[in-house]
Amino acid sequence: VGFKAGVKDYKLTYYTPDYETKDTDILAAFRVTPQPGVPPEEAGAAVAAESSTGTWTTVWTDGLTSLDRYKGRCYHIEPVAGEDNQYICYVAYPLDLFEEGSVTNMFTSIVGNVFGFKALRALRLEDLRIPPAYVKTFQGPPHGIQVERDKLNKYGRPLLGCTIKPKLGLSAKNYGRAVYECLRGGLDFTKDDENVNSQPFMRWRDRFLFCAEAIYKAQAETGEIKGHYLNATAGTCEEMIKRAVFARELGVPIVMHDYLTGGFTANTSLAHYCRDNGLLLHIHRAMHAVIDRQKNHGMHFRVLAKALRMSGGDHIHAGTVVGKLEGEREITLGFVDLLRDDFVEKDRSRGIYFTQDWVSLPGVLPVASGGIHVWHMPALTEIFGDDSVLQFGGGTLGHPWGNAPGAVANRVALEACVQARNEGRDLAREGNEIIR
């Protein structure tokens, strides 16, 4: 027929309701709010087009490739119950659109360009189905849940952590002292705050040295393995790796990274280094609410959590369900399972849009952190189960008798809750009795 220039509706090419999804497709569920007068089919097709092979007009070079093989397809649209003019649009992407082992490229393709789109009032990526064929191109977490338990020799209970406060302003020696007191009192881990990197009042090398000293002293006195999440996040990837190398030379068990501000490329590099050198990797999600807070625009945290499991991390902050940063319980448990389990069934009541098979990619320990304290312990033990890290910052350091007694209180409460649970008592009902 020859080439025919001109602008045509996206839905003629990219809306394909009879498409059968392939096992190798990456599937996305978008919450689409079209501008007034834009039909949902056109909006959904526009998203599929702009995040795959399409552009705003027909181009001559389309004839040089097979669009049928490479285009994203909007294959199903359903209205959102209780919302006016909101639709869930399902889009299937052929696997060949993505570079192997690159979360960076996956996000650049799927969410890189479409969110500023004129035809849409708002757009939110609710979930992704990562096919096993793509999962297998990722190393994933450096070690995973089982290997971590074996390294630490801690079984049958959640792990306990504490963020050292005040987060900024302590000297390295005083910081190390706080670390020692918490670990000595019974915590498994202490943590650098996400914004502790290398500032004038405390340079990273000094902090690493004093924290290592605190760890070894506490280990010698308690006979337990201890750790402190040494934040290796830095302004350049090279500097980040340099800090991780120094941590390894000190012989400490774990380092930490802010994966959203640091970026997925840096995070994946660090995860590879950690696996090669036997370091655990704790991940903080600083900046996540910029992306996931709005209900109708941005990206749901479950997508960021899946991406982290692919990029690599052994722990990730995942909300609390109780405390100051409360999350909706079922939804939170949905992405907690996506982090830990090997296979998760589709379950819309928990916000899970697709069945996800992780094909033995190691699991990530969810970290409950943010405004929780010792009276939340029964609820946390029940909600999160054994494979989790419970992190009390002010809930440890705010104890009227000081840091070490605060740590003791948390450890005693945790042991009491685990014992009561194992004896078959009802934590939800008798929680306060148990820890009193």
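Note that the numbers count up from 1, one per residue, in the order the chain is shown.
Cβ coordinates are placed from backbone N, Cα and C, and glycine is handled just like the others.
Following the DSSP three-state reduction, the secondary structure of Lys165 (active site, proton acceptor) is coil. Sequence-distant neighbours of Lys165 (active site, proton acceptor): residues of the same chain at least 6 apart with a C-beta under 8 Å from its C-beta are Asp193, Gly393, Gly394, Leu397. According to Swiss-Prot, the feature active site, proton acceptor maps to Lys165 (among others).
Residues annotated as active site, proton acceptor in Swiss-Prot: His284 (among others). There are 28 other CB atoms within 10 A of the CB of His284 (active site, proton acceptor), with all protein chains counted.
Taking a C-beta cut-off of under 8 angstroms and a sequence separation of 6 or more, Asn113 (substrate binding site) has the following same-chain neighbours: Glu50, Ser51. The secondary structure of Asn113 (substrate binding site), as reduced to three states from DSSP, is coil rather than helix or strand. Look at Swiss-Prot and you will find Asn113, Thr163, Lys167, Arg285, His317, Ser369 tagged as substrate binding site, backed by sequence analysis.
Secondary structure from DSSP puts Asp193 (Mg(2+) binding site) in coil. The Mg(2+) binding site annotation in Swiss-Prot covers Lys191, Asp193, Glu194.
Around the Cβ of Lys4 (N6,N6,N6-trimethyllysine), a 10 Å sphere holds 7 further Cβ atoms from the protein chains shown. Under the three-state DSSP scheme, Lys4 (N6,N6,N6-trimethyllysine) falls in the coil class. Annotation comment: Swiss-Prot describes Lys4 as N6,N6,N6-trimethyllysine.
The annotation N6-carboxylysine is assigned in Swiss-Prot to Lys191.
Annotation source Swiss-Prot lists site 'Transition state stabilizer' at Lys324.
Taking Cβ-Cβ distances under 8 Å and a sequence separation of 6 or more, the neighbours of His317 (substrate binding site) in its chain are Ile283, His284, Arg285, Pro366, Val367, Ser369, Gly370. Non-local contacts of Lys191 (Mg(2+) binding site) by the CB criterion (under 8 A, 6+ apart in sequence, same chain) comprise Gly161, Cys162, Thr163, Ile164, His228, Tyr229, Met256, His282, Gln391. Most buried of the binding-site residues Asp193, Glu194, judged by other Cβ atoms within 10 Å, is Glu194. Between the farthest pair of Cα atoms in the substrate binding residues (Asn113, Thr163, Lys167, Arg285, His317, Ser369), the distance is 37 Å.
In the three-state DSSP scheme, Ser369 (substrate binding site) falls into the strand class. Secondary structure from DSSP puts Arg285 (substrate binding site) in coil. Between the CA atoms of Lys167 (substrate binding site) and Glu194 (Mg(2+) binding site) there is a gap of 9 Å, rounded to the nearest whole number.
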